[in-house]
Amino acid sequence: MAPDTEAPPAPDPSAPPSSDTVPSTLMKQVNRMLTPPADLLEWKDMPQHLQFNPYVLTGYRPLQGVKGCLSSLFYVHNETINILTHGIPIVYILATVPAMMPWEKDYRFLSWCHLVGSVAPWCGSFVYHLFMNLENGEGIYYRLLQLDMLGIWISQSFGALPMVTATVHCLSSPLKWLLLISYSLLCIWGLYKAMTASSPWQRRLCFLLPFSMRIILTLLRISKLGGGNPSSLTHVFLQDAVSAVGGVIGAMHIPEKWFPGSVDIYLNSHNIMHVLVVVAVYSMHQATIRDIEWMQRAECGGLNYTSTVNIDSINASHLEL
């Protein structure tokens, strides 16, 4: 007869997990979220309107309803980086930028322009990338794409108005209003082109005229004929130059053109472009803060408008984002 053996005690379900179990469970959850699910599709499986990058071969979400699109926030696919790089700035900008802006009467409009212009491209792009695989068909997809373009247009038009206003701040009134109205009309033209564009290149070129006018205004600042805080000039240049570089990278599909299928989930051209656009909007913010503070203190009495302003005090006073 076998000796009596005492059965091991049953685990207490109400007992808290051990210290070794918690990290193990957490790592399993992280690994699950970072591992693309098996039901993701390949480029050849997607409908034609979603086959816009032939060098990103895998990681596509199947066509889904609204609930399925929302659930894709919690697993990795080839739009995850695009969603996060625009979703996170929305929260951060809304939490920090309003406290930095001068909301008194004279600069309330420009402060709203900057706040809306800073957050609008992320809102449109976040919604577009999250819901681009909706099962409702190509028509809904192009409406989402128009929403994305609208957000970019708001940033290019309203977001740039503080810089434009600072540049013409000390010009004669007729010339000042001529330049402001001209820029506004070019932005309206850009909106029309953005909403009616039928190809990727048309969408990229729809902001060419406002972009060109901002270059002319930047040259005015360099020549000292235009106003603005001299310390913001680098950021004025970077806000357009960095986004232009991102646009070129996106248009040329670099680096996935060289390594098809190797950077499907991260580090493809659209991911890189998104990060560069975040950098560009950061420069826009820095230029705007400095320029508005300059306009608050500037006294326009001659061609060298910066001579009547204590630039060091302005640079020391602004808040960092």
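Any Cβ shown, glycine's included, is placed from N, Cα and C.
Listed ranges 151-170, 231-250; the one TrEMBL annotates as transmembrane segment is 151-170. Matching H129, H285 to the Zn(2+) binding residues that TrEMBL gives (H270, H274) identifies H129. Segment annotation: TrEMBL labels transmembrane segment over residues 80-97 (candidates 26-43, 80-97). Panel annotation: around the transmembrane segment (177-195), residues 146, 149-150, 152-153, 156-157, 160, 164-165, 167-168, 171, 202-203, 205-210, 213, 217 of the same chain, lying at least six beyond its termini, place a Cβ under 8 Å from a Cβ of the stretch. Packing around H274 (Zn(2+) binding site) is summarised by its Cβ count: 21 other Cβ atoms lie within 10 angstroms of its Cβ, all protein chains included. Over all protein chains present, the Cβ of H129 (Zn(2+) binding site) has 24 other Cβ atoms lying within 10 Å.
Sitting within 8 Å of the Cβ centre of H129, H270, H274, and not among those site residues for Zn(2+), are the Cβ atoms of E79, I81, N82, I83, T85, H86, S125, N271, M273. Packing around H270 (Zn(2+) binding site) is summarised by its Cβ count: 20 other Cβ atoms lie within 10 angstroms of its Cβ, all protein chains included.
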